[in-house]
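Student: As annotated in Swiss-Prot:
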SIGNAL    1-30  signal peptide
DISULFID  Cys34-Cys41  disulfide bond
MOD_RES   Ser56  phosphoserine
CARBOHYD  Asn61  N-linked glycosylation site
MOD_RES   Ser64  phosphoserine
DISULFID  Cys88-Cys204  disulfide bond
MOD_RES   Ser120  phosphoserine
DISULFID  Cys221-Cys229  disulfide bond
Amino acid sequence: MDNKGWSLKGSLLFLLLLLSDLLLCKSVASLPICPSGAVNCQVSLRDLFDRAVILSHYIHNLSSEMFNEFDKRYAQGRGFITKAINSCHTSSLPTPEDKEQAQQIHHEDLLNVILRVLRSWNDPLYHLVTEVRGLHEAPDAILSRAIEIEEQNRRLLEGMEKIVHQVHPGVRENEVYSVWSGLPSLQMADEDSRLFAFYNLLHCLRRDSHKIDSYLKLLKCRIVYDSNC
(Lines of atoms letter the chains of each structure in order from A and count residues from 1; the text may use other names and numbers.)
(Lines give C-alpha, C1' and ligand atoms only; values in the text may rest on other atoms or scores of the structure.)
Protein backbone atom coordinates (compact mmCIF):
# COMPACT_ATOMS: atom_id res chain seq x y z
CA MET A 1 0.00 0.00 0.00
CA ASP A 2 1.40 3.44 -0.92
CA ASN A 3 1.74 6.33 1.54
CA LYS A 4 -1.38 8.03 0.20
CA GLY A 5 -3.49 4.92 0.75
CA TRP A 6 -2.08 4.38 4.24
CA SER A 7 -2.71 8.02 5.18
CA LEU A 8 -6.31 7.75 4.02
CA LYS A 9 -6.85 4.58 6.05
CA GLY A 10 -5.27 6.16 9.13
CA SER A 11 -7.41 9.27 8.76
CA LEU A 12 -10.59 7.22 8.49
CA LEU A 13 -9.72 5.27 11.63
CA PHE A 14 -9.03 8.45 13.58
CA LEU A 15 -12.34 9.92 12.46
CA LEU A 16 -14.10 6.77 13.63
CA LEU A 17 -12.38 6.81 17.01
CA LEU A 18 -12.97 10.55 17.41
CA LEU A 19 -16.67 10.14 16.68
CA SER A 20 -16.79 7.26 19.16
CA ASP A 21 -15.13 9.42 21.82
CA LEU A 22 -17.58 12.26 21.26
CA LEU A 23 -20.62 9.99 21.40
CA LEU A 24 -19.46 8.10 24.47
CA CYS A 25 -18.11 10.94 26.59
CA LYS A 26 -20.90 13.51 26.42
CA SER A 27 -23.39 13.45 29.28
CA VAL A 28 -26.39 12.96 27.04
CA ALA A 29 -29.58 11.59 28.58
CA SER A 30 -30.17 9.27 25.63
CA LEU A 31 -26.93 7.39 26.37
CA PRO A 32 -27.39 4.85 29.18
CA ILE A 33 -23.66 4.84 29.95
CA CYS A 34 -23.84 8.51 30.91
CA PRO A 35 -26.89 9.04 33.16
CA SER A 36 -28.40 12.50 33.51
CA GLY A 37 -26.39 14.62 35.92
CA ALA A 38 -23.31 12.38 35.80
CA VAL A 39 -20.05 14.28 36.25
CA ASN A 40 -17.75 11.67 34.69
CA CYS A 41 -18.61 9.65 31.63
CA GLN A 42 -18.46 5.91 32.30
CA VAL A 43 -17.76 4.03 29.09
CA SER A 44 -19.42 0.62 28.91
CA LEU A 45 -17.33 -2.54 28.84
CA ARG A 46 -18.70 -3.39 25.41
CA ASP A 47 -17.59 -0.04 24.00
CA LEU A 48 -14.17 -0.38 25.59
CA PHE A 49 -13.76 -3.77 23.93
CA ASP A 50 -15.00 -2.39 20.61
CA ARG A 51 -12.34 0.30 20.69
CA ALA A 52 -9.62 -2.10 21.82
CA VAL A 53 -10.39 -4.55 19.01
CA ILE A 54 -10.32 -1.73 16.43
CA LEU A 55 -6.99 -0.49 17.76
CA SER A 56 -5.37 -3.92 18.01
CA HIS A 57 -6.39 -4.79 14.46
CA TYR A 58 -5.09 -1.44 13.23
CA ILE A 59 -1.76 -1.94 15.01
CA HIS A 60 -1.37 -5.42 13.55
CA ASN A 61 -2.06 -4.14 10.04
CA LEU A 62 0.52 -1.38 10.45
CA SER A 63 3.04 -3.84 11.88
CA SER A 64 2.59 -6.19 8.94
CA GLU A 65 2.92 -3.36 6.42
CA MET A 66 6.05 -2.00 8.13
CA PHE A 67 7.67 -5.45 8.27
CA ASN A 68 6.90 -6.11 4.60
CA GLU A 69 8.30 -2.73 3.58
CA PHE A 70 11.50 -3.30 5.56
CA ASP A 71 11.86 -6.85 4.22
CA LYS A 72 11.49 -5.64 0.63
CA ARG A 73 13.94 -2.75 0.99
CA TYR A 74 16.64 -4.08 3.31
CA ALA A 75 16.42 -7.84 3.88
CA GLN A 76 16.30 -9.44 0.43
CA GLY A 77 18.91 -12.18 0.02
CA ARG A 78 20.28 -11.85 3.56
CA GLY A 79 18.62 -14.95 5.06
CA PHE A 80 17.30 -13.08 8.09
CA ILE A 81 14.13 -15.16 8.47
CA THR A 82 16.02 -18.32 9.45
CA LYS A 83 17.74 -16.46 12.31
CA ALA A 84 14.65 -14.61 13.53
CA ILE A 85 12.69 -17.66 14.73
CA ASN A 86 12.05 -17.71 18.50
CA SER A 87 14.36 -14.79 19.28
CA CYS A 88 11.80 -12.23 20.49
CA HIS A 89 12.31 -10.43 23.80
CA THR A 90 8.74 -11.38 24.77
CA SER A 91 9.44 -15.10 24.34
CA SER A 92 10.01 -15.31 28.10
CA LEU A 93 6.34 -14.44 28.67
CA PRO A 94 4.02 -17.46 28.70
CA THR A 95 1.52 -16.82 25.91
CA PRO A 96 -0.89 -19.19 24.16
CA GLU A 97 0.33 -20.02 20.67
CA ASP A 98 -3.06 -20.41 19.01
CA LYS A 99 -6.79 -19.96 19.50
CA GLU A 100 -7.24 -23.43 20.96
CA GLN A 101 -4.67 -22.77 23.69
CA ALA A 102 -6.12 -19.31 24.38
CA GLN A 103 -9.59 -20.78 24.86
CA GLN A 104 -8.27 -22.90 27.73
CA ILE A 105 -7.06 -19.86 29.69
CA HIS A 106 -9.23 -18.02 32.20
CA HIS A 107 -10.15 -14.54 31.00
CA GLU A 108 -8.40 -12.85 33.94
CA ASP A 109 -5.13 -14.56 33.03
CA LEU A 110 -5.57 -13.76 29.34
CA LEU A 111 -6.17 -10.08 30.15
CA ASN A 112 -2.93 -10.06 32.13
CA VAL A 113 -1.09 -11.68 29.22
CA ILE A 114 -2.20 -8.83 26.96
CA LEU A 115 -1.12 -6.20 29.49
CA ARG A 116 2.30 -7.80 29.89
CA VAL A 117 2.93 -7.99 26.16
CA LEU A 118 1.80 -4.40 25.57
CA ARG A 119 4.00 -3.10 28.40
CA SER A 120 6.92 -5.09 27.04
CA TRP A 121 6.72 -3.09 23.82
CA ASN A 122 6.74 0.42 25.33
CA ASP A 123 10.52 0.72 25.42
CA PRO A 124 11.41 -0.96 22.09
CA LEU A 125 8.77 1.04 20.21
CA TYR A 126 10.12 4.30 21.64
CA HIS A 127 13.66 3.46 20.50
CA LEU A 128 12.48 2.05 17.19
CA VAL A 129 11.13 5.46 16.20
CA THR A 130 14.45 7.11 17.10
CA GLU A 131 16.71 4.56 15.41
CA VAL A 132 14.69 4.19 12.21
CA ARG A 133 15.59 7.80 11.43
CA GLY A 134 19.23 6.70 11.19
CA LEU A 135 18.64 3.98 8.59
CA HIS A 136 20.21 4.61 5.20
CA GLU A 137 17.53 6.12 2.96
CA ALA A 138 14.83 5.12 5.43
CA PRO A 139 11.48 5.46 3.64
CA ASP A 140 8.79 7.62 5.19
CA ALA A 141 6.46 4.61 5.02
CA ILE A 142 8.51 2.84 7.71
CA LEU A 143 9.06 5.87 9.94
CA SER A 144 5.43 7.02 9.80
CA ARG A 145 4.21 3.56 10.74
CA ALA A 146 6.69 3.27 13.61
CA ILE A 147 5.49 6.60 15.02
CA GLU A 148 1.84 5.61 14.63
CA ILE A 149 2.31 2.18 16.22
CA GLU A 150 4.09 3.64 19.26
CA GLU A 151 1.23 6.08 19.85
CA GLN A 152 -1.53 3.53 19.33
CA ASN A 153 0.19 0.94 21.51
CA ARG A 154 0.02 3.44 24.39
CA ARG A 155 -3.66 4.07 23.68
CA LEU A 156 -4.39 0.36 23.59
CA LEU A 157 -2.56 -0.19 26.88
CA GLU A 158 -4.62 2.57 28.52
CA GLY A 159 -7.80 1.00 27.16
CA MET A 160 -6.83 -2.44 28.42
CA GLU A 161 -6.17 -1.06 31.90
CA LYS A 162 -9.70 0.38 31.91
CA ILE A 163 -11.11 -2.97 30.80
CA VAL A 164 -9.28 -4.79 33.59
CA HIS A 165 -10.60 -2.29 36.15
CA GLN A 166 -14.17 -2.93 34.98
CA VAL A 167 -13.86 -6.71 34.77
CA HIS A 168 -12.04 -6.97 38.11
CA PRO A 169 -12.69 -3.75 40.08
CA GLY A 170 -10.44 -3.23 43.05
CA VAL A 171 -7.84 -5.76 41.93
CA ARG A 172 -4.32 -4.36 42.13
CA GLU A 173 -2.37 -4.90 38.94
CA ASN A 174 0.99 -6.64 38.88
CA GLU A 175 2.98 -4.69 36.31
CA VAL A 176 5.01 -7.61 34.97
CA TYR A 177 6.64 -7.27 31.57
CA SER A 178 9.63 -8.52 29.62
CA VAL A 179 12.64 -6.19 29.58
CA TRP A 180 14.04 -5.36 26.15
CA SER A 181 17.82 -5.05 25.84
CA GLY A 182 18.14 -4.72 22.08
CA LEU A 183 19.06 -1.04 21.71
CA PRO A 184 22.82 -1.68 21.24
CA SER A 185 21.99 -4.07 18.40
CA LEU A 186 20.04 -1.34 16.58
CA GLN A 187 23.13 0.89 16.83
CA MET A 188 25.82 -1.56 15.68
CA ALA A 189 28.37 -0.37 13.14
CA ASP A 190 28.17 -3.60 11.13
CA GLU A 191 25.37 -3.09 8.62
CA ASP A 192 24.24 -6.71 8.39
CA SER A 193 24.04 -7.06 12.18
CA ARG A 194 22.18 -3.77 12.54
CA LEU A 195 19.70 -4.57 9.77
CA PHE A 196 19.05 -8.00 11.26
CA ALA A 197 18.30 -6.37 14.64
CA PHE A 198 15.68 -4.17 12.95
CA TYR A 199 14.31 -7.12 11.00
CA ASN A 200 14.02 -9.26 14.11
CA LEU A 201 12.32 -6.51 16.11
CA LEU A 202 9.76 -5.86 13.36
CA HIS A 203 9.21 -9.61 12.94
CA CYS A 204 8.51 -9.93 16.68
CA LEU A 205 6.23 -6.89 16.65
CA ARG A 206 4.17 -8.40 13.85
CA ARG A 207 3.96 -11.70 15.72
CA ASP A 208 2.95 -10.15 19.05
CA SER A 209 0.45 -7.73 17.52
CA HIS A 210 -1.25 -10.68 15.84
CA LYS A 211 -1.43 -12.52 19.16
CA ILE A 212 -2.94 -9.53 20.96
CA ASP A 213 -5.47 -9.02 18.18
CA SER A 214 -6.53 -12.68 18.41
CA TYR A 215 -6.71 -12.69 22.22
CA LEU A 216 -8.82 -9.53 22.29
CA LYS A 217 -11.36 -10.87 19.81
CA LEU A 218 -11.64 -14.05 21.86
CA LEU A 219 -12.06 -12.10 25.12
CA LYS A 220 -14.67 -9.79 23.62
CA CYS A 221 -16.71 -12.81 22.54
CA ARG A 222 -16.31 -14.49 25.91
CA ILE A 223 -16.87 -11.52 28.25
CA VAL A 224 -19.22 -9.23 26.32
CA TYR A 225 -21.30 -11.85 24.50
CA ASP A 226 -20.95 -14.73 26.97
CA SER A 227 -19.21 -16.80 24.24
CA ASN A 228 -22.34 -16.55 22.08
CA CYS A 229 -20.68 -15.26 18.92
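Any Cβ shown, glycine's included, is placed from N, Cα and C.
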Student: Spatially speaking, which of the recorded positions Ser56, Asn61, Ser64, Ser120, Cys204 is closest to Cys221 (disulfide bond)? Use C-alpha to C-alpha, please.
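Tutor: Closest by Cα: Ser56.
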Student: Reduce the DSSP letter at Ser56 (phosphoserine) to three states and note it down.
Tutor: helix
Student: If I restrict to non-local contacts, at least six residues apart, and a C-beta distance under 8 angstroms, what lies near Cys88 (disulfide bond) in its own chain?
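Tutor: Once residues fewer than 6 apart are set aside, Cys88 (disulfide bond) is near Asn200, His203, Cys204, Arg207, Asp208.
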Student: Using a 10 Å cut-off, grab the number of neighbouring Cβ atoms around the Cβ of Cys229 (disulfide bond), all chains included.
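Tutor: A 10 Å sphere around the Cβ of Cys229 (disulfide bond) contains 10 other Cβ atoms.
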Student: If one measures from the C-alpha of Ser64 (phosphoserine) to the C-alpha of Ser56 (phosphoserine), what distance in angstrom results, rounded to a whole number?
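Tutor: Given the Cα positions, Ser64 (phosphoserine) is 12 Å from Ser56 (phosphoserine).
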Student: Could you say which of the recorded positions Ser56, Asn61, Ser64, Ser120 has its Cβ with the most other Cβ atoms inside 10 Å?
Tutor: Ser56
Student: What does the structure give for the C-alpha distance between Ser120 (phosphoserine) and Cys229 (disulfide bond)? Integer Å is fine.
Tutor: 31
Student: Cys204, Cys221: which of these disulfide-bonded residues has the sparsest Cβ neighbourhood within 10 Å?
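Tutor: Lowest Cβ count within 10 Å among the disulfide-bonded residues (Cys204, Cys221) is Cys221.
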Student: How would DSSP class Asn61 (N-linked glycosylation site) in three states?
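Tutor: Asn61 (N-linked glycosylation site) sits in a helix per DSSP.
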